[in-house]
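Straight from TrEMBL, the features:
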type	residues	note
SIGNAL	B:1-31	signal peptide
TRANSMEM	B:55-78	transmembrane segment
TRANSMEM	B:98-115	transmembrane segment
TRANSMEM	B:121-140	transmembrane segment
TRANSMEM	B:152-170	transmembrane segment
TRANSMEM	B:182-202	transmembrane segment
Amino acid sequence: QSPPKPKDEL
Amino acid sequence: MNIFRLAGDMTHLASVLVLLLKIHTIKSCAGISLKTQELFAIVFASRYLDIFTDFISLYNTLMKLIFLGSSFSIVWYIRRHKLVRRSYDKDQDTFRHYFLLLPCFILALLINEKFTFKEVMWTFSLYLEAVAILPQLVLLQRTKNIDNLTGQYVFLLGAYRGLYILNWIYRYFTEPHYVHWIPWISGLVQTLLYADFFYYYFESWKNNKKLQLPA
């Protein structure tokens, strides 16, 4: 499974 | 944060500063596509809906505020400032940008990672950013004398995209489970759109000639 997507990019 | 990501953000920031510098000091937006600038404002507004709900870092929040503020003030300058708007090449900047909005939105409704409002808007912003440069590239092709600041602006934007791809490659090999197809493919498409411009940019730089794109 994939972890929650980190929206840490701009 | 890795060096590619930081360098990418910094070239992105530099591109915005170069454009604001041109508009603010020379009071001219000659060669700049309002269509592209409006699309970028929509890109940031739809992508940063999480700005007040998800805190990542001070850096992240500040950069989001800078990109939102700068993109809307550039649009304001070109539309409302009485000197700047006079320099706007309205007759050359004819790309029908709303033709890009609807397909990107439909694509975001169809292809997304999660069907929620925020997620669809975020995906829409990625698709739209990928093609938002098109009106600007068309305008460049029509401009006989591309001034240095405009050339540097587009160069810095392209560099930002290229560096983001290096950042993704780096993160793919250093972080577990780091796979994000939607930003990767749209980012790759976006970077490829700059390939032609880059070719002529380096040619003009190598031969020490003024930048001119073939019509």
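From the backbone N, Cα and C atoms, a Cβ is placed for every residue, glycine too.
Non-local neighbours of the transmembrane segment (B:152-170) in the same chain are 2, 4-5, 7-9, 11-12, 14-15, 18-19, 22, 32, 133, 136-137, 140, 180, 183-184, 187-188, 190-191, 194, 197-198, 201; each lies 6+ residues outside the stretch with a CB under 8 Å from one of its CB atoms. Residues of the same chain lying 6 or more positions beyond the ends of the transmembrane segment (B:182-202) and with a Cβ under 8 Å from any Cβ of it are 111-113, 123, 126-127, 129-131, 133-134, 137, 140, 151, 154-155, 157-158, 161-162, 164-165, 168, 211-214. Residues 39, 42, 121, 123-124, 127-128, 131-132, 134, 182 of the same chain lie 6+ residues outside the transmembrane segment (B:98-115) yet bring a C-beta within less than 8 angstroms of a C-beta in it. Cβ atoms under 8 Å from those of the transmembrane segment (B:55-78) belong to residues 1, 9, 12-13, 16, 19-20, 23-24, 29, 32, 34, 37-38, 40-41, 43-45, 48, 84-85, 88 of the same chain, restricted to positions at least 6 beyond its ends.
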